[in-house]
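*Asks:* I grabbed these lines from TrEMBL:
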- 191: active site (ACT_SITE)
- 348: active site (ACT_SITE)
- 378: active site (ACT_SITE)
- 109-279: domain 'Alpha/beta hydrolase fold-3' (DOMAIN)
- 320-381: domain 'Alpha/beta hydrolase fold-3' (DOMAIN)
C-alpha cells in the first residue's frame with residue numbers, strides 16, 4: 001500500500017512538473033492555459049518522434065490530432081445555412097445568414113484561419129463556431145477559406161489560394177449570387193490567416209482590374225514579418241504559450257520552404273545583420289524604436305548584428321517578399337488598403353507586428369482601430385468555445 005502511495009505521489013509530482021510553467025500574473029486563467037499548453041506540447045513531441053523515426057512529417061501528426069477531435073461537418077442551423085464548396089478552384093466553407101428582409105443585401109466577410117500556414121482548417125469546430133456566429137450576428141455571408149497547408153504546400157501557394165478565392169468572391173456576379181452588398185465586404189483572419197488577409201488586402205487594393213474592393217480588413221494577432229525576432233514582444237513573451245519564439249521561426253521556415261537549421265541564426269537576427277545590404281531597405285520598415293510607443297519598448301534594446309549569414313536570405317528570398325511579409329510593403333501600397341481593425345494581445349510574441357503595422361498604416365493615412373487585450377495570449381480567440389473556454393477568448397470574439 002505504501003509503495004502504491006509513493007508511486008502515485010511521484011507520478012503526481014511528475015505530471016505537475018510537466019504541466020507547470022511560470023506565467024505572467026496578468027495572463028488570463030493561467031492554470032487552464034498550462035493544461036492546454038501541456039496538451040499541445042505533448043502532441044508536438046509525439047510528432048517530432050514520428051518525424052525522427054522516419055514515419056511521417058511532424059506536422060502531419062499534429063494535423064491528425066486536430067482532424068481527429070476538431071473537424072465538424074457542414075451542419076446548417078435555424079439561422080445559418082452552411083455548405084462546403086469551392087470558389088475559384090479553392091475549397092471553402094460557406095456560411096449564409098438566413099435572417100433579414102427579402103431583397104436586402106447582406107454583408108460579406110472572407111475569413112482565413114490561423115495555424116502557422118501548416119495547421120488548422122475552416123472545418124475545425126472552433127472556426128466553424130466563429131464563422132457561424134459572425135454570419136448570424138452580422139447578417140452576413142462568410143467565406144472561410146481552406147487554403148493548402150505546409151508541408152504539402154509552401155509559399156506562395158497558401159497566398160495564391162487565399163487570393164484566388166477572395167478575388168472570385170469579389171466578382172460582381174458572385175456577390176449578386178449570394179446577395180452580398182459590394183459596398184460592405186471585408187477580409188479577416190487570425191495569426192497566419194491575418195498574414196494572408198493583410199497580403200491579399202494589399203494586392204486587391206492595387207489591382208485596377210477588380211471593380212469591387214474590400215472596405216475593411218480585420219487582422220487578429222497577425223504575423224507580418226520574419227526579419228526581427230527580437231522586438232519587445234518577442235523578448236517579453238518568448239516563453240509564453242501558445243506560440244513560443246522558436247516555434248514561430250520554425251513555422252516561417254516551413255512556410256517559406258527554408259532549411260530548418262536556420263532557426264537559431266534567425267532568432268539571433270543574423271539574417272538581417274548590418275553587413276547584408278539586401279536586407280537594409282526592409283530593416284528600415286520595421287524599426288520598432290520609431291514605430292512602437294515608449295510604453296511598449298520599455299527597457300528592451302534592439303538586437304542588431306554587425307555581421308550575419310547571407311546564406312539565409314539567398315536561400316529563402318521570400319523573407320523579403322511583401323506577399324509573405326506585409327509589414328514590408330511600400331507606403332504607396334499601404335495608403336490604398338482599406339481601414340484596419342487590428343487585435344493584439346499583451347502576452348503574444350506577435351503583439352508588436354500588429355502594432356507596427358497599425359502605425360505604418362496610420363502614417364500612410366489609413367484609419368486604424370487597435371483592440372488590445374492586457375490579459376490576452378496568442379490564439380485566445382479560437383479558445384472561446386467549448387471545450388477550451390477562456391473568458392478573454394469570449395471578449396475577443398464579441399468585439
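First residue shown is number 1, and so on along the chain.
Yeah, the Cβs are placed from backbone N, Cα and C, and that goes for glycine too.
Caution: TrEMBL annotation is automatic and unverified by curators.
Quick one: how deep are these features, and who are their neighbours?
*Replies:* In sequence order, 114, 115, 116, 220, 221, 222, 223, 243, 350, 378, 379 are the residues of the chain that are 6 or more apart from residue 191 (active site) and have a CB within less than 8 Å of its CB.
Close to residue 348 (active site) in the fold, though at least 6 residues off in sequence, lie 221, 233, 237, 240, 243, 376, 377, 378, each with a CB less than 8 Å from its CB.
Confidence in the domain 'Alpha/beta hydrolase fold-3' (320-381), given as mean pLDDT, stands at 98.
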